Amino acid sequence: MATPIPSTDYLPPAAAANDRPREECGVCGIYGHPYAAKITYFGLFSLQHRGQESAGIVVSDGEQIRQHKGMGLVPEVFSEEDLGRLQGHLAVGHVRYSTTGASHITNAQPFVATHRGSTLAVAHNGNLVNIRSLRDELESQGSIFQSTMDSEVVVHLLARCLDMELDQAIVETFRLIKGAYSILLMTKDKLVAVRDPGGFRPLCLGRLNNGSYIVASETCALDLVEAQYIRDVEPGEVLIIDQQGLRSLHLEQNQPPSFCIFEHVYFARPDSDIFGINVYQSRKRMGEILARECPIEADLVMPFPDSGNYAAIGYAQASGIPLEMGVIRNHYVGRTFIQPTQSMRDFSVRVKLNPIRSFLENKRVIIMEDSIIRGTTARSRVQSLRGIGVKEVHMVISCPPTRNPCYYGIDFPSCEELVANQKTVEQIRDYLDLDTLYYLSLEGLVEATGAPAENFCKACFDGNYPVPPDRDFRKNVLGCGGSTLACPGRKQ
């Protein structure tokens, strides 16, 4: 029997109104630095694009564990005084956007729990796809949950194994877990990084100038704190950092690589190297390949800041059509998805992005977008151009149509809300009031990364899920809406 979906009373205020892929989460951990909390703070600041809902840091001085968490952006959550109270050489931090679990302070991470005198902190990026069955089993055995996070399930599973050595406890715990996870665990004297066998979410290791270690979701976090990149945490690897140095072991699960290709389309910062590939270069190549696949006669190529900026560069250079910044962004407007109603959100789009009338009037314009989710934002942007007298509006998308929900840590909406699942490309073109609409092919997207197609999870595009969710699984069953497992795709 399917688990009932909670009411929308548990939803973030504007979850139904958002028309961009929601950033997932970002993690950062430090071992061996006297100012571990402050270094973690800067690391989280670099990862802010991965989650703007809440932030938290937990530190240890080897004896005592302290924490500070709050709702909002990193500089809103932490003051100089807060960081001063977080004394210790070992820290883990987290920025969050809820992909499972409601938007509430109780769901802010890292999650901290004490069991039989041992304290454990957990920071998680990803989604567990057998969360419901695991939680039900734990509750039947007497576990009491304080939050709706799947990360808390990890804590309860580990708590059952605390009589074991740490290595064995981790292996036993993650043997039961299915899905996507790049997780940082912290005890009072150890930092542990665990990445799922498919490697869905990125996780990298670096070293700071004083010899201390940093583990983070993206390499841009290492750059800010002037850490030297060592390597990525491998898929299925458990990396333990303590006084003895680094130790590595691997989970006993055989799974081919399942790197999330949408990291390169949208989520990761362009100055990061993700899965060993520079994001700026891959996005620029997406535009170059689009120019080859979808030639258009126009006067200029133009992104809406900051969507599609780097793909637009590639398209312009490959096509010979001038690149122009014909839309000016107001950087002092709040994020569009915090507005409580659709009408207010549309107004926020207009306030945030203003096209230059005298420059664009009577022009044939190519708009570069990184993706279309519901289509409401793209439609509003096209209307703003039509309203100032743009002669032709063409749109090119630097990824294939997004037809399927993600179960691995990205908050794509349900099938019914994904415009490419409900409409053909021609119908989307008409809905957006475009002269032409083109998507990058899946083959072109993979080509842009320079890596083999079999390395990537492309389920949001092709519906092939590397780790099938449990039958009763609903992506947001624990407090953020719901989506069905079966999604019939539409032919382009």
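Quick reminder: no glycine exception, Cβ is built from N, Cα and C everywhere.
In TrEMBL, annotation is done automatically, which means it is predicted and not curated.
Of the residues CYS260, CYS294, CYS415, TrEMBL places CYS260 in the same [4Fe-4S] cluster site as CYS406, CYS457, CYS460. Cα spacing between CYS406 ([4Fe-4S] cluster binding site) and CYS25 (active site, nucleophile): 14 Å, rounded to the nearest whole number. Listed in sequence order, GLY198, PHE200, SER258, PHE259, CYS260, ILE261, TYR408, TYR465, PRO466 are the same-chain residues at least 6 apart in sequence whose CB falls under 8 Å from the CB of CYS457 ([4Fe-4S] cluster binding site).
Counting only the Cα atoms, the space from CYS460 ([4Fe-4S] cluster binding site) to CYS25 (active site, nucleophile) is about 18 angstrom.
The DSSP secondary structure for CYS460 ([4Fe-4S] cluster binding site) is helix.
Looking just at the domain 'Glutamine amidotransferase type-2' (25-244), the mean pLDDT is 93.
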